[in-house]
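What Swiss-Prot lists as N-linked glycosylation site is Asn22, Asn52, Asn72, Asn174, Asn206, Asn266, Asn290, Asn347, Asn360, Asn449. The feature topological domain 'Lumenal' is assigned by Swiss-Prot to 1-451, with sequence analysis given as support. The feature topological domain 'Cytoplasmic' is assigned by Swiss-Prot to 473-481. What Swiss-Prot lists as transmembrane segment is 452-472, and the listing cites sequence analysis.
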Amino acid sequence: MRQRTTIYNPYSSHDGIITNLNRTNFQLSSIPNHLFTIENKYTITTTTTQPNKSSLYSAIKELRIQTKFNNNESGIPIFSFHYEPGLNIYAVPQSNVDKLEFWQQVEQLIMELLGIKLSSQQWIANVNSFYYHDIQPQPLLNLKEGWKFNLHPKSNYDYIYNQDKIIIRELLTNVSEIEFNLESGIYKEIGLFLIDEKISTNDDLNLSGIRVILDEDSNTNNKEESIHKTMFHIKPRHRSFDDSTTITTTKIIPQGLHPILSTELNTTTIVIPTDFDVEECKFYYYLNLNKSLIFDQFQNIPIGSQLIINNGNKNLELPEYKINQWGNELLFEFEFDNDNDIPHHINLTVHSRYQLPQNNHSHSQISNVLNSLPNIFIGCNVKEGNLLDKSPFDTKRDVKIGGNYEIYFTEDTVFYHLQNSDNSGNSGSSTLLEINIPHGKTTFDRVNNITSLGLLIGVLMILYAISIRVFMSTTSKTKRD
């Protein structure tokens, strides 16, 4: 097994950070108020360490799980954890396999990893995989005993499975101290890097530092031979604006059964990216929509945009309890030629699906539905796009599925992310919207009793009417006789 740990030091120097370093131990302590951001990447070859796993899940070509507990921890400016908060799962079958076998194996693998049961009906199809989303993040339950590592509680992680190997990345933020030790069976490569601001730009980051190798199979007894001074450049796929001001706020405008997702943009801090490699840019709005809500693609496209993606159940008439899929995936595109074209407001009107009456004795006539915030970003084609996946931190090197909106863009696209405000008016949560949907107030027993009583009364009325007619007919015949 291989472990590659990259430590990003936001300070201007590495002086005083390394507290111990030898062939078996590496300890670091951050500068006060300049805490580390760390990516741990574990690579396990399944054909050698778990030969039975490939045959057990032979119908699965690829499976990817991306979980985000904290929306603010995306790894900017180096690491790529820019997927949607909550749980995102992607699955691809092998060619020419039985569909039932594939879904049984997917269900079994997800139960093993997450402890949740997903049926095939809960997924939707996107451009290159099946996709499942839930606002509730899920930790990996347990890892194999032979792997000798565990993920940190509630760390954002990215799990990739295919027939040859398993890759797990996790992101740790605000780390003040960390220690690494030589372990049997694990090849460890630990990198400590800072960004050299003197020669770095937003589109070309220069990383400078050292790499330390901890490997029991190493033949060297010399500490210096395990330490490698390193400097390299990366062209980041995910970028941020120079101004760190929070620039989008999304809230719900109540409108009965037709609520509006209203996003306000601080256009004074949003400009067309001017990085050296940038060519054409467009503005995008991405949203995972709960199945209790309907998007009408014929009437409710936000002003100034065009609908690019609408994956999921598009039936506008079905009630919520008839929808098996988790919801819909939406992507809108706004064209703009200059800074004045950037929209000040984006309003997306959705409609509520009919909800089952609450089967309890509550007096509430409202269902509370939680939905993810929209992801708003600027996507740009760049020159020398082939350099993007040369970065060791670019996930497209390992897998082509997943990443939510990423799969709908070409390989030469970079993303400038607009941060959501914490002051969203969303029940104290900066990552979720709360939508109130009216519904009936009763119980199923009461509905059944009233229905049965109504039918009984109807039958009695019919019988009464028939008996009256028979009686009147008999009386009339008697009088004639």
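Just so you know, glycine gets a Cβ as well, placed from its N, Cα and C.
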Item checked: Nearest recorded site to Asn347 (N-linked glycosylation site) by CA-CA distance, among glycosylation sites Asn22, Asn174, Asn206, Asn266, Asn290 -> Asn266
Margin query: By a 10 A CB contact count over all chains shown, which of the glycosylation sites listed here is most packed: Asn22, Asn174, Asn266, Asn290, Asn347?
Written below: Asn290
Note to self: Tell me which of the glycosylation sites Asn206, Asn449 sits in the most Cβ-dense spot, judged by other Cβ atoms within 10 Å.
What the structure shows: Asn206
Checklist line | Inter-residue Cα distance where the pair is Asn290 (N-linked glycosylation site) and Asn449 (N-linked glycosylation site), in Å | finding: 33
Note to self: On a C-alpha basis, identify the one among Asn22, Asn174, Asn206 that is nearest to Asn290 (N-linked glycosylation site); the candidates are the glycosylation sites.
What the structure shows: Asn174
Notebook entry, point to check: About how far apart, in whole Å, are the alpha carbons (Cα) of Asn174 (N-linked glycosylation site) and Asn206 (N-linked glycosylation site)?
Noted result: 22
Note to self: Using the alpha carbons only, what distance in Å do you get between Asn266 (N-linked glycosylation site) and Asn206 (N-linked glycosylation site) once rounded?
What the structure shows: 31
Note to self: In whole Å, how far does the CA atom of Asn22 (N-linked glycosylation site) lie from that of Asn206 (N-linked glycosylation site)?
What the structure shows: 27
Margin query: Could you tell me the mean pLDDT the prediction assigns to the topological domain 'Cytoplasmic' (473-481)?
Written below: 63
